[in-house]
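This report refers to the structure that appears directly beneath it.
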Amino acid sequence: MNKNSSNIMALAPNTSNKRETVCIFGTGDFGRALGHKMIQSGYPIVFGSRSTQKSSLIPNDAEVLSHAEAAQKAAIIIIAIQRQHYNFLTPLAEILHGKVLVDISNNLKINQYPESNAEYLAQLVPGAKVVKAFNTVSAWALQSGTLDASRQVFVCGDDMEAKQMVMDIVRALGLTPLDQGSLLAAQEIENYPLQLFPMWKLPILLSLGLTAFFFFYCLTRDIIYPYVYENEDFSFFIAISIPNRICPVLALILLALVYLPGVLAAIIQLYRGTKYRRFPDWLDKWMLCRKQLGLVALAFASLHVLYTLVIPIRSFVRWRISSSTVSQALNNKTEPLNNTYAWLSDSYLALGILGFFLFVLLGITSLPSVSNNVNWREFRFVQSKLGYLTLVLCTAHTLVYGGNRFLNPSSYRWYLPNAYMLSLIVPCIVLVVKFVLVFPCLDKPLTRIRQGWERNPKYSE
Ligand code: NAP
């Protein structure tokens, strides 16, 4: 009972109406925005500045004093100043002794300095309790109140009490503190706002590389080849035909690449006989960006759907249909319905529609608002079972589209197969390996390994 109540006390924000005075060093953009927000939340604010003249930008209710005078008025001092100016704090070390210094600074580059700004501050003022916080919140968001996207505030520090005091302020501002541990975490917290879509880098670079490759591949096969051998100008294919070849090819390859690291991980675990050894770095990184790979694949699949929908209104397609009708009329001969071809064409379309439907379902369930509402088993069912079903349907859609053209020599130009044939390589490998892994002789040991069993326990050392 006692234990529970002490936990509640530790987690509860400071609910007393009277708030302690907080000092902010620096009357720049961030200092002013944070000061304004804190005054709104009931904190008396005193600014420490090089100039004690109060400008009209500074909130009316705040005092502006010299650094030394301001520091004496508060137990918590927020340093809203760039790291390169921190040395002005050294002469104030005595006044700052025992105070909580909140480092909110960011750098211009990742790992710009050997130590984090917060650790540097702790070295400059050894008697102070340094806490890192607020660096992921922007002055603009504080001022405009648009904090929805950045409600979480990472907090770290070596002194538990000091950290708790800062977390209380964070809560009082309507934000959510996330305790990241000791000051050692500061470097990572400082690097966080400098990252540019870290999980999207690999999927985007990969899709750009594959798009460029398949564009030149299709250009060679579908435009340059007929121009060289038949003197036909199909350059207009660049607008719709070639994109409509590249999009499904990329959608299928990227979807297969979502599932390939899973089967590679299974093979590695089976080979090592343990799950307690780290995967190689490249595999770890690949696994972490599977969701983004899947979303890029979905974007390509959606483009394929759009390009396909406009096929009937294309001038080239209408010309081909009308010239075939005219030629049948002139020869007074109607082509009979080819039942096999009709079956193939309808099956190919049906597989595509079902595959795309499941693809969209996978995309929707990967959204945080949806995935947060399903339990772990439901999420795994959708992302793994339905995911593989999507891959099977999309691969079958491409195989049926190819029909018997795979073995037809006329579908090779300069020995180059159609792009969709290349797109089948990775999905077929993934599906075959997955199929093999489902056999009980492999599935049973793999399940046991994933439950913690080790073939050779020395590996876990
Ligand atoms: P800023 O507008 O340039 O303000 C910096 C303030 O530092 C100045 O107004 C000045 O205040 C003080 N200062 C400048 N040179 C100084 C010196 N030589 N000695 C002592 N004080 C000096 O910068 P800011 O945008 O407010 O950023 C301040 C800190 O917050 C930075 O470390 C930044 O990385 C961090 N931060 C900013 C944001 C943001 O959105 N702006 C977001 C997160 C974190 P006085 O004239 O009053 O002395």
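Cβ atoms are placed via backbone N, Cα and C, with glycine included.
Per TrEMBL, the feature domain 'Pyrroline-5-carboxylate reductase catalytic N-terminal' maps to 21-107.
Positions annotated as transmembrane segment by TrEMBL: 204-229 (among others).
Summarising model confidence by region, the domain 'Ferric oxidoreductase' (249-394) averages a pLDDT of 91. The domain 'Ferric oxidoreductase' annotation in TrEMBL covers 249-394.
Taken from TrEMBL, the feature transmembrane segment applies to 249-271 (among others).
The feature transmembrane segment is assigned by TrEMBL to 292-313 (among others). Among residues of the same chain six or more beyond the transmembrane segment (292-313), those with a C-beta under 8 A of the stretch's C-beta atoms are 199-200, 202-204, 206-207, 240, 243-244, 246-248, 250-252, 254-255, 257-258, 356, 359-360, 362-363, 366, 387, 394.
A Cβ distance under 8 Å defines the sequence-distant neighbours of the transmembrane segment (347-365), meaning residues of its chain 6+ beyond its ends; these are 251, 255, 294-295, 297-298, 301, 305, 371, 374, 379, 382-383, 386-387, 389-390, 393-394, 396-397, 400-401. The annotation transmembrane segment is assigned in TrEMBL to 347-365 (among others).
Outside the transmembrane segment (386-407) by six or more residues, the chain places 248, 251-252, 255-256, 258-259, 294, 301, 344, 347-348, 351-352, 354-355, 358-359, 361-362, 418, 420-421, 423-424, 427-428, 430-431, 434 with a CB less than 8 A from a CB of the stretch. Positions annotated as transmembrane segment by TrEMBL: 386-407 (among others).
Taken from TrEMBL, the feature transmembrane segment applies to 419-442 (among others).
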Helix, strand and coil counts within the domain 'Ferric oxidoreductase' (249-394) (DSSP): 121 helix, 0 strand, 25 coil
The domain 'Pyrroline-5-carboxylate reductase catalytic N-terminal' (21-107) - residue tally per DSSP class, helix then strand then coil: 32 helix, 19 strand, 36 coil
